Amino acid sequence: MTAIERLRRFLFATALAGIPLAHAGNGPVDLRAIDAVHGDAAAGKAKASVCSACHGPLGIAIVPTFPNLAGQKAEYLYWRLVMFKRAGKPESPMTAQAANLDDASMRDLAAYFASLPPAAGTAGTGTMPGAAIYRDGDPAAGVPPCQGCHGADARGRAGADGDPRLRVYPMLRGQHAAYIAQRIKDLAADASPFTSTSHVMAPIARTLDAASVDAIAHWLEAGAP
């Protein structure tokens, strides 16, 4: 086990202390207990016409404040839809969109977008300011390395292909910088995270200053390593 993996497990265990394996009361959903998400990608494609207005016809968002969905992990996408359906904020356009989706439709949409080729990004390098924070964190500020959960290449956790529980960590490589920055800010402000992964990420997001958020976001948008 690497030092990064040991740190990740320690942070996760500490943050999740006392959270049950099911969604009890108003506690977060513990995604360590999930099964693989299976859906019909062809059916999802037929249902995705409304999604394309914000996320693009091939899952690459036209407006940079919206996330790219193409190539994202199906488990991550499904549980984001569940979050919007069960606990979405009224001001979010996704709350209304998810309200009438049944479980099969959410699985189909997740399978469809997961099947698409991801955004390529541009020519990011390991010398960009965000690279060091992503790779090594900022120990002085209490920031752990992002790669511990999101992978050294920002394509998701190592071992995710064989374990659906690891596919709830999103791929960040090639994601829009504006979306990443806003998502980190939203996590930092979230007093009652819906899932266990958000419960872990929220205090980490609060340790990042604006310059660090901007640096990480632009490095990831450029295509990371």
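Cβ coordinates are placed from backbone N, Cα and C, and glycine is handled just like the others.
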According to TrEMBL, which candidate in MET83, MET94, MET201 joins CYS146, CYS149, HIS150 at the heme c 2 site: MET201
Residue distribution over DSSP helix, strand and coil in the domain 'Cytochrome c' (125-224): 60 helix, 3 strand, 37 coil
PLDDT averaged over every residue in the domain 'Cytochrome c' (39-117): 97
HIS150 (heme c 2 binding site) versus binding-site residues CYS51, CYS54, HIS55, MET94 - nearest by Cα: HIS55
